[in-house]
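A.B. asks: Shown below is the structure under consideration.
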């Protein structure tokens, strides 16, 4: 046996004892205490230098310890809730090390897609414990210090609905307290996806979500805790709201999705904020709804124009043309995305359809009034249904029966007068009687011609009366349909706005 072997054998018992002590010794769970040589910030910074090398690992002494990230935010501004066509361009660039130029190699795929986005400006606050940090405030001269964030570990908290990069200014520092707590506050411009329900536009209320969770760590390592009650977050946000734009903040609520799986290593902890906003409809009412109501009112009162003397159809075609141009100009104010068709689109389509129906009705009535002389006699069923029933119902009674009776009486009298000379015809006829007969035949031809003219005039008057009755009927139907439709749409809008 060599002397070296003897030395190793003597060393083995002590090494074994040290290993057993290290294994059985519990892992430290208290923060590491930094000692400052002087009560000032440079001395504290020197004492914290060893901790700077640990920024790559989660700040816990025991890996089984979970890091709780206390989270809340203040909503400072709602920049918009938009649904628009977005184009995303992505290019591959190749940079040569020897030259300060980048050359485009090939374009990536071009996508044109619809986006429903909530654009907000928030101030985020994170709190967590760093078990590697602790110092005596009296010895180091301060209980809080602001240091660059890259010196320490920061949680990988992301917003799942984030659809764009954060364009808010960066905050390079965060606060460290003597007890090891870390406070990170930073502004974020959040462009997040939102499922829009624009059925009641412009009186719609939207609810958009912001889901906070760790990008990598499971719930066993990182848990997200709500720092303030949701009611307080909502009140603070309403007080701090700096924008008075199209949207009004109604409420902010928060909850945590349930996880049936009890194993925390199989899921990622999440905290979801629900932001409820309401659109201010004044601009849309003034620019869209009121002009439409004015035009449809003008079209309604155009029924009062006498169709037999005024070219009502030209007036209505001018209205339709003006309304179409109005819709084309105001098209940019209408939403272009959503899961449902906005009710305001139905409103505009209804107004346009009523104008077109009014024009068709005017064409029908004008045809009846102007072309009635060429029409055959009014059918009996039309006379009964329109002239008698609808005429009395719409306060337009048919007055042609009296003239018909007078014409029949004249006709009967003339026929009687024609028969009398034959009854009293003498046995001998002279030349004077022959002349009288010839004159009677001429008078009978004239009478028949007058009767035909009177008959055509009566038929034309009947068709004109039918046109007036149909015009009054369609005017009444127009008013009823317009009133019911508008009242229904207004009730839906008012009900949704008060919710």
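Glycine too: its Cβ is placed from the backbone N, Cα and C atoms.
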A.B. asks: If you look at how TrEMBL annotates this chain, which of 380-405, 406-431, 432-457 comes out as region 'Disordered'?
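C.D. replies: When 380-405, 406-431, 432-457 are checked in TrEMBL, region 'Disordered' belongs to 406-431.
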A.B. asks: Examine the ranges 12-29, 30-47 and name the one recorded by TrEMBL as transmembrane segment.
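C.D. replies: Based on what TrEMBL states, transmembrane segment spans 12-29.
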A.B. asks: Going along the chain, which residues at least six beyond the ends of the transmembrane segment (317-334) come within the CB cut-off of under 8 Å?
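C.D. replies: Same-chain residues near the transmembrane segment (317-334) but 6 or more away: 201, 283-284, 287-288, 291-292, 295, 298-299, 302, 342, 344-345, 348, 351-352, 355-356, 359.
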A.B. asks: Please give the average pLDDT for the domain 'Neurotransmitter-gated ion-channel ligand-binding' (112-281) in this predicted model.
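C.D. replies: Mean pLDDT, the domain 'Neurotransmitter-gated ion-channel ligand-binding' (112-281): 89.
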